[in-house]
Amino acid sequence: MKVTIDNISIEVEAGTTILNAARMIGGEIVPPAMCYYSKLQGSGGKCRTCLVKVSQGSEKDPRPMPKLVASCRTTVMDGMVVQNITSPEVIEARKGVVEMLLINHPLDCPVCDQAGECHLQDLGYEHGAAKTRYEFDRRTFDKIDIGDKIQLHMTRCILCYRCVFTADQITDHRIHGILNRGDHSEISTYIQKAVDNDFSGNVIDVCPVGALTDKTFRFKNRVWFTKPVEAHRECQTEGCCGKVTLWYKGEDVIRVTGRKDEYGEVEEFICNTCRFDKKKTADWVIEGPRKVSNKSVINSNHYDTLKPLPVVKTNPVLQEANKEQFERETRL
Amino acid sequence: MESLSNKKKQLEVKPLNFWERAYLPTIAKGLSITMSHFFKKPVTIKYPEEKREFSENFRGMHSLKRDEDGRERCTACGLCALSCPAEAITMQAAERQKGEENLYREEKYAAVYEINMLRCIFCGLCEEACPKEAIYLDGDIIPSDYLRKDFIYGKDKLVEAPLNQ
């Protein structure tokens, strides 16, 4: 099936969603997604940030779709023409969606551990207005501990349902869900029952905001002062791939997360042993530094790269000395 | 050899006359200039005791501000340290415990906050980066000291004095 997204055509299989077709093309034209998660069945359709305009329904019926559609839930038709960033209507609608998502969000980014890798922060930066028009009190909740390693800040939640799908699909029985309806919905467990499954830590990774955070990393450091390194280990837990990203501060591993791709989705889920208990370099086989986008705040202000002067490049003795000096300086 | 630019001046060295050889009139002239300065207003000031007026946008020592209830505004978000081009700022965050609500404004606060005044270039980027209006470079010139370690200013020197004292 041929689909054209922002004047770029691609052949995709029947049943592919517009969002996935855009991801096959890649680049700037991929709609942002806060709730859709390709690894979780049934996710998507909640947040409306991936709205696109379908200006031609299909080859047979070229009428445009009457309203903007959620690209994560709409499958492509042959000859469909989609507009994302080329349509001002979509940009305007997305701006409205971001404002809507931020209505009850506390904007406590200076406190939040997710800041620096938060999708809502990125989205707000790209589309949102600098000021809020909302004049009423934001809804507030107390912090809840879900087990001893995970903390839930319901105030920051945007109700994307990703963690609910994770708890449903990765863990064996349901213990975590949405209570109440509409404006009053909240993520919770049954009377603060601890989530004690081997894979419960993945709800932290799937959360696009800082609603579910790692208590072992709580306030330890800011994301942009840590150094991400790819690593793996032979994990005994069934279903755990053992491939993770270690977040170093100096010599210490202060956090372990799953390996996320460019859309912020983990490649494979990891178990709680890998995430919470293995925080020594000796536990891991280091593969190398994680690639971080140039635009990311994690990449800013990192001056300690080995860039020898032109004269050093040709002289092996100087090269060796330069390396030693660099190692000494970075250790200090 | 002949000069190419033709700007060279040929100087004649004349022998000194009697008054010039005597030196005394010249010494007296020089001393009179020195003496006349005794009765003029000095252009310098005695610095630590006297201070000149600073410009309004002068940037001196940092201070960590408190809010109207006397609670520390800083929440250890790390943006000052990130923006600092000299990497002079370090901090460690801690979580506010129950009963400390009158000390710290947010649920997170800076347990340790250090600025290395030898590294600081007083550019004021930390002031601009701060989302909580917690740090301002509104103090004085950093006083001199003998040891390098004494220039690392901690919270004891940086945090503003409490309101009711």
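Glycine too: its Cβ is placed from the backbone N, Cα and C atoms.
Remember, TrEMBL labels are computer predictions, not curated facts.
Residues or ranges marked as domain '4Fe-4S ferredoxin-type' by TrEMBL: B:64-94 (among others). Non-local neighbours of the domain '4Fe-4S ferredoxin-type' (B:64-94) in the same chain are 101-106, 108-117, 119-121, 123, 125-126, 128-136, 155, 158-160, 162-164; each lies 6+ residues outside the stretch with a CB under 8 Å from one of its CB atoms.
Under the heading [4Fe-4S] cluster 1 binding site, TrEMBL lists B:Cys74, B:Cys77, B:Cys80, B:Cys130. B:Cys80 ([4Fe-4S] cluster 1 binding site) falls within a helical segment according to DSSP. Taking Cβ-Cβ distances under 8 Å and a sequence separation of 6 or more, the neighbours of B:Cys80 ([4Fe-4S] cluster 1 binding site) in its chain are B:Ile89, B:Leu125, B:Cys126, B:Ala129, B:Cys130, B:Ile135.
Annotation source TrEMBL lists [4Fe-4S] cluster 2 binding site at B:Cys84, B:Cys120, B:Cys123, B:Cys126. Around the Cβ of B:Cys126 ([4Fe-4S] cluster 2 binding site), 24 further Cβ atoms fall within 10 Å across all displayed protein chains.
Sequence annotations record features per position, and here TrEMBL assigns domain '4Fe-4S ferredoxin-type' to B:111-140 (among others). Beyond the ends of the domain '4Fe-4S ferredoxin-type' (B:111-140), by six or more residues, the same chain brings 59-65, 72-77, 79-94, 105, 148, 151-155, 158 to within a C-beta distance below 8 angstroms of the stretch.
Sorting each residue of the domain '4Fe-4S ferredoxin-type' (B:111-140) by its DSSP state yields 5 helix, 8 strand, 17 coil. Listed binding-site residues B:Cys74, B:Cys80, B:Cys120, B:Cys123, B:Cys130 compared with chain A at a CB cut-off under 8 A give none as close ones. A mean pLDDT of 93 is what the model gives for the domain '4Fe-4S ferredoxin-type' (B:111-140). Of all the binding-site residues given, namely B:Cys74, B:Cys77, B:Cys84, B:Cys123, the one with the smallest number of surrounding CB atoms inside 10 A is B:Cys123.
Neighbouring residues of the recorded [4Fe-4S] cluster 2 site, listed in sequence order and excluding B:Cys84, B:Cys120, B:Cys123, B:Cys126, comprise B:Cys80, B:Ser83, B:Pro85, B:Ala86, B:Ala88, B:Ile89, B:Ile115, B:Ile121, B:Phe122, B:Gly124, B:Leu125 (Cβ within 8 Å of the Cβ centroid).
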